[in-house]
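Structure, as C-alpha cells:
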C-alpha cells in the first residue's frame, strides 16, 4: 500500500512541480523519495526486533515526507489536499487519533520548515494537467484502501466465526463444549418451568477409562473417545444435543423425552459402543445415568446432579449398564 500510495501520489506532485518550473534535480529527488522510501521502509520494518513499532515510526516518516513535498509544490491545492486527507485517513485507521495527531503535527512542522527555506512560496491554484495526473492517486489508492478494508473485514468475520465455533464445539470430540451444553440445558429447564415440557438428561461415562489410558496409552484413549463420540452423534435426533461434560464423561440432552424413552436411547447407545468399540479385543463399555426433568429441580445443578446420581448407581451396579 505504501508503494502504491507514494508512486501514484508522485504523479500529481510531480505535475505541480513541473508546471511551476522545478529543476531536474528536484524532480529526481521526488522520484527517488517516492520509489525508494517504500522499499527502505519495508526493509526497516523487516529488520526490526519490534516490527509494529518500526511501522508506526515509518508511518510518521511518511507524513513528514508528505509535508516536505506539499511545501516544495508550493501548496498546490489538489495534490496537497489529497496527501493530507489520505495520510490522515491511513493514520487514523492504523493507530487511532493519537497516531494521527502526532503524524499530522510532524507533517505541519516539516511543511513549515520547508516553506521557510523555499521563501514561503505559495501557489495553491491547481492546473488542469495536475488535476489529471492526480486522478490515479485519488482513484487507484482509494480503491486499494477499500479492497484491503474488505479483505480485513472478511478475515475478522472468519476469525469471529472460528472463535464462536470453538466456544460451542469441542475440537477433539465434535460435541458441544460444556458451557454450550449447559446453556442448552438451562434453556430447556426454563421451558419446563414455563410450559411443563418433558425432557431428560443422560450422563455417560466410559468405564475404566483410566485403565485404558494406562495400559494402551493416551493415543488409544483419545481414539476411544473419538469413536464413542461419533456413536453418540450418529445415534441421536437432530433435536438432541451431546456435550463433553468432563474428560471421559459426556452429557446428552433429550428434549421431549420422558424417562422410559430416554432409558431406551441410553441402552441403544450402550449396546452400540460395546459392539463397535474395542481395545485389545475387549469391548469398551459405558455406564449411563438417566434423569427426567421433574418438579423441584429449580437449578441446572439439580437436574445434572440427579443424572450424576443415576450414573454412580450404574457404576456401583457393576458398570456397563443404565440406571434411571
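Even glycines carry a Cβ here, placed using N, Cα and C.
Any TrEMBL annotation is an automated prediction that lacks curation.
Taken straight from TrEMBL:
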- 26-44: transmembrane segment (TRANSMEM)
- 106-122: transmembrane segment (TRANSMEM)
- 128-153: transmembrane segment (TRANSMEM)
- 197-324: domain 'GGDEF' (DOMAIN)
Across the domain 'GGDEF' (197-324), average pLDDT on the 0 to 100 scale:
93
According to DSSP, how is the domain 'GGDEF' (197-324) divided among helix, strand and coil residues?
60 helix, 32 strand, 36 coil
Restricting to the same chain and to residues at least six past its boundaries, which positions have a Cβ under 8 Å from a Cβ of the transmembrane segment (128-153)?
1, 4-5, 8-9, 11-12, 14-16, 19, 76, 78-79, 82, 86, 89-90, 93
